[in-house]
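Please read the structure below before turning to the comments.
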Amino acid sequence: MASGWDERPPWRLESLRLLPPPPLLLLLLLLRSSAQAAHIKKAEATTTTVGGSEAAEGQFDHYYHEAALGEALEAAAAAGPPGLARLFSIGNSVEGRPLWVLRLTAGLGPPPTPAAVGLDAAGPLLPGRPQVKLVGNMHGDETVSRQVLVYLARELASGYRRGDPRLVRLLNTTDVYLLPSLNPDGFERAREGDCGLGDSGPPGTSGRDNSRGRDLNRSFPDQFSTGEPPSLDEVPEVRALIDWIRRNKFVLSGNLHGGSVVASYPFDDSPEHKTTGIYSKTSDDEVFRYLAKAYASNHPIMRTGEPHCPGDEEETFKDGITNGAHWYDVEGGMQDYNYVWANCFEITLELSCCKYPPASQLRQEWENNRESLITLIEKVHIGIKGFVKDSVTGSGLENATISVAGINHNITTGRFGDFHRLLIPGSYNLTAVSPGYMPLTINNIVVKEGPATEIDFSLQPTVMSVVPDSTEAVTTPGTVAVPNIPPGTPSSHQPIQPKDFHHHHFPDMEIFLRRFANEYPNITRLYSLGKSVESRELYVMEISDNPGVHEPGEPEFKYIGNMHGNEVVGRELLLNLIEYLCKNFGTDPEVTDLVRSTRIHLMPSMNPDGYEKSQEGDSISVVGRNNSNNFDLNRNFPDQFVPITDPTQPETIAVMSWVKAYPFVLSANLHGGSLVVNYPYDDNEQGVATYSKSPDDAVFQQIALSYSKENSQMFQGRPCKDMYLNEYFPHGITNGASWYNVPGGMQDWNYLQTNCFEVTIELGCVKYPFEKELPKYWEQNRRSLIQFMKQVHQGVKGFVLDATDGRGILNATLSVAEINHPVTTYKAGDYWRLLVPGTYKITASARGYNPVTKNVTVRSEGAIQVNFTLVRSSTDANNESKKGKGHSTSTDDTSDPTSKEFEALIKHLSAENGLEGFMLSSSSDLALYRYHSYKDLSEFLRGLVMNYPHITNLTTLGQSVEYRHIWSLEISNKPNISEPEEPKIRFVAGIHGNAPVGTELLLALAEFLCLNYKKNPVVTQLVDRTRIVIVPSLNPDGRERAQEKDCTSKTGHTNARGRDLDTDFTSNASQPETKAIIENLIQKQDFSLSIALDGGSVLVTYPYDKPVQTVENKETLKHLASLYANNHPSMHMGQPSCPNNSDENIPGGVMRGAEWHSHLGSMKDYSVTYGHCPEITVYTSCCYFPSAAQLPALWAENKKSLLSMLVEVHKGVHGLVKDKTGKPISKAVIVLNEGIRVHTKEGGYFHVLLAPGVHNINAIADGYQQQHSQVFVHHDAASSVVIVFDTDNRIFGLPRELVVTVSGATMSALILTACIIWCICSIKSNRHKDGFHRLRQHHDEYEDEIRMMSTGSKKSLLSHEFQDETDTEEETLYSSKH
């Protein structure tokens, strides 16, 4: 519409001669201008009110089909000033139509040049500005939303241009995104005038579904789904929307539909999936009701609650709103996905009874919804907003968690640390948490009606780890000073009792735990074992005077509560216990001594999902007992008598991984429903209720009594008289199976599979007592809880040591005569064995050592310390090998001070928190923000070499099919000089081009090492003593074809010829890439270790990928793989949780390649077989090609593991092979454990990685005698061995002396025989001299003579017939004729 400013004035210049004098003219002009301005203002106001925007008059008389939609959005954007709007597409529909989005917010600036495409065209995010999205036309035949969002776009843009105060304020403070049509294909199939009242056409022709017949609002991942997750390949529209949501931090959203007139809010479905009538409440139910009412109350029809839609005339909605599932159950809906998986609060808005009304009704529909739409957008500013920042640098912390006490729904901060938490008026306690920072809680934040309350969080960095440890101890600073009070000293001090007695739902429990971890950092460490089915953290609070560290000789104890979600007393008691221990440490002697001498782990809730479903006051029901997959966790552990066929649950897997990672000695599993301590076994082979005695039955009775006797009601043995009249437990304890049979129980698994003794404690007859009764439960159990923990210090404890070097022996076995239950040592050789008082015969044994047996008397007060020193069984064999022969010497010491210093460093880095300390001391972390194309990768590597020429060397191993270089970067202090005595490690990635995360991680590793060289002493020493080879991209051609954010596509998986390179490593490799790797990398046979990075899951595989019956050196290969997994924050838990296989369970995160994906021709198989180098494959992420925004997190997850490989390559066995003169022998063959072969390098050096333990070594070299020895490999240091060869004097496999003697005797015998024959011949010759002799006539005499003469001469027979010695012609002739 014209504004009037460009109209030509009605008067002409020629008429100036008719004008009045100047003063009067000026007055007339002023009057005319005022009138004209008033006219314009009136016209604009009329347009806004009636037309809804400055649109052409014809905009309400038709629908926007095909390209017209994009043109209409372009026109809407043009209605505003420059820099206000960006039009972009988030993807395409099945039929290739763009999914247009118009972004409207002030300050966007001009669009980029050249123009960006796709999501990149959206423009930059703006700090502190909340994002709102409105999505229309999800069902193609529900069309009103498609139109009103275009009208809304014009209204906002033109209103901002004309200076409407409300709209200017809105777009100056809000980031608005309008997506008019999510299903453009369906819209084109739909028919105007079809109100959806009946099935008026063939199936699939209504336009509701997409072109593949999929309902988009049933195709999102669902928290209550009962079947397989939807395949996003069938719904590219949903895939595009999910990707868009993940790339942003939307705060508020509306999903616009048709077919009724009502505002619907989450949840849209329930676990029961009842068709209708189930109110499925979210944790933010009040907020959602508030948002829905805000829309409905401004809609003239919706606010009545009586839409009177044809066919549903009687349907009513109070206040015009409804809970989605209460109306009808919708599984796979978009609004629930936004709330559960993103920061976004979304409601669904049904705009009209008729789904596709005639275009003549569009103006009225716009007028009905205009105010509601604008009001809903404004509601993004309610609640609390602010920033979470680093207190040191002031930078914003992305993905920090914001939790509200009492509301079980967290949100996370955006890219700039900004957050917007929607809340209704009230008072709230907010907590901000970010990994690596101390949590911070701000209490009593008042939210009022209107604009959000502004609160900023400034978090202090911390070195506290949130990952369970599994390694040995090192000393750490920061321990708290406590008075040195003897344990038995009486004190007038009364312990401080807990005051926090109420039921803690998950958000409250989370805040409670974080508060105590924050207030008592010197004795606490809060960490998580993983997540429940519904992604709640499985928290554990560690309490120790040295948190995060296993102190050799100190036992570890655990309590686990709330395994059954509706049995809640244990959960609350453990929270009380945390408060009690923290507040009394340093002042109460008993607590102080217990914390100083014990590492305590308290897990308040193993089943947080079940707890949230349980109801206060429950005594006997099973609601909430099971986890969210409806499995009883105490029937889910492997059992000795009964095969457990149920799938192992995430909570079970997490606990099993945890228990195997720590040297737990004693444990209790806290339950409810009775009042008794129950001890193993819990079941028996017959499956009937009868006593099932374990080998340690006496020990279990003793520790069970230690708890029950401190609880007077339990000790009486007659619990729950009102419920179970005949139930009686003498002294409050019982054998589990004697009570009732429980296959798959946790306590039996602890005892049978680990060193841990566990009992199950039933804490009360009421499973979920009322809150007012909680103080009574604490008072009844507090002494029992403390006394039971003290039992960890009963029996025998000590160390098993190596007699040669005094080191502790890992996994040595302690056996007690007549008790068939051995325990094993931890990393420092420390052990604990619970026993009742008495005299025992205890034997310590270890592979490669001679066992030692001692008689031990156990007292009733405290554990007795007994150390065992074992002698290596290989000593005698080595001494035998030295007698007159070559020999081998195993030693762990060196006289070189620098070598000793480096060995000490490796031991330190192998110890607990060693790598964490190293990483904290290194330079500030890297900024990974994008992927490197082949060109960028090449330039990056050249840049490293230019900047660090003294420690880097860049070479090409060959070229790909499309002639791209396969780069190899060596990092070493002498990169161009051979140093055979140094171990050599290679890192390779990108064998599958569609999985480039590994490539980026290796580039980050290279940059990290270069940046820290000569700045960080650890990096400097590792680079100086290691030859590090990095090959970041084995398949550069495939990488160029792959697409970012494509998590499942195989595009780029193969090389340019379509060959999977990981199937081409054979003796007749056909591809140039594999030939280059084989010839220039693997066949050099000088690497000690290889790490290959891939994608598609989160685990480590070890050889072989081909199906084989046995795996040589399996123990070592699995050890290397486990080392990587254990240093990864989640990999070791064995739950990749990949969308395509969410139930996958990988024990320890490690698996043999053939057991995961069996195939022939793999790189790691070839490396082991022909390169004699162990290789493991690390799968770094479920998504093959995640967005670049995830790279920093992936680097953080894998950094420690990658660095641990640089440490590990310096362990195993270092050897030198030489002869007696000291000359090194190269190319000698070293055979380990009769299987693995390596060759000595130049200078006689060899290095091989081996799992900790005793290993056999055979050395073979041409010309030398074979040598045999044994070597003991430590977990934290290399073992050195020197093999001295003696010259091999054997001939035909026999000793030289024997061969010479026999040969001499044989020659003597031959000479003697020849002499005898000569003498005999001479005598006979003399008898026939001087005459003729008669020839023999008789044949037998002739034969006798032949036999005699043939033994001494090989002359012809005729020469012996004539004996005359004359020499006449006649005689000669005569002889010749006979």
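Glycine is no exception: its Cβ is also placed from the backbone N, Cα and C atoms.
Taken from Swiss-Prot as is:
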- 62-380: domain 'Peptidase M14 1' (DOMAIN)
- Asn172: N-linked glycosylation site (CARBOHYD)
- Asn217: N-linked glycosylation site (CARBOHYD)
- Asn399: N-linked glycosylation site (CARBOHYD)
- Asn410: N-linked glycosylation site (CARBOHYD)
- Asn429: N-linked glycosylation site (CARBOHYD)
- Asn522: N-linked glycosylation site (CARBOHYD)
- Asn626: N-linked glycosylation site (CARBOHYD)
- Asn811: N-linked glycosylation site (CARBOHYD)
- Asn879: N-linked glycosylation site (CARBOHYD)
- Asn953: N-linked glycosylation site (CARBOHYD)
- Asn976: N-linked glycosylation site (CARBOHYD)
- Asn1140: N-linked glycosylation site (CARBOHYD)
- Cys1315: S-palmitoyl cysteine (LIPID)
- Cys1319: S-palmitoyl cysteine (LIPID)
- Cys1321: S-palmitoyl cysteine (LIPID)
- 1319-1378: topological domain 'Cytoplasmic' (TOPO_DOM)
Could you check which of the glycosylation sites Asn522, Asn953, Asn1140 is the closest Cα neighbour of Asn172 (N-linked glycosylation site)?
Asn1140
Length of the line joining the Cα atoms of Cys1315 (S-palmitoyl cysteine) and Cys1321 (S-palmitoyl cysteine), in Å:
10
Sorry to bug you, but what's the C-alpha spacing from Cys1321 (S-palmitoyl cysteine) to Asn811 (N-linked glycosylation site), rounded to the closest Å?
82
Lowest local Cβ density among Asn429, Asn522, Asn811, Asn976, which the record lists as glycosylation sites, within 10 Å:
Asn976
With the cut-off set at 10 Å between Cβ atoms, which of these glycosylation sites ends up with the most neighbours? Options: Asn217, Asn399, Asn410, Asn953.
Asn217
Please report how many Å separate the Cα atom of Asn217 (N-linked glycosylation site) from that of Asn953 (N-linked glycosylation site), as a whole number.
55
Find, among the glycosylation sites listed as Asn172, Asn626, Asn1140, the one whose Cβ has the highest number of other Cβ atoms within 10 Å in the structure shown.
Asn626
Around the C-beta of Cys1315 (S-palmitoyl cysteine), how many further C-beta atoms are within 10 angstroms, looking at every protein chain?
10
Determine the minimum-neighbour residue: among Cys1319, Cys1321, listed as recorded sites, which Cβ has the fewest other Cβ atoms within 10 angstroms?
Cys1319
For Asn626 (N-linked glycosylation site), the one of Asn399, Asn429, Asn522, Asn1140, Cys1319 that lies nearest, given that the recorded positions are compared by Cα:
Asn1140
Among the recorded positions listed here (Asn410, Asn522, Asn953, Asn1140, Cys1319), which has the Cα closest to the Cα of Asn976 (N-linked glycosylation site)?
Asn953
Between the Cα atoms of Cys1319 (S-palmitoyl cysteine) and Asn429 (N-linked glycosylation site), what distance do you get, rounded to the nearest Å?
125
What average pLDDT does the predicted model assign to the domain 'Peptidase M14 1' (62-380)?
90
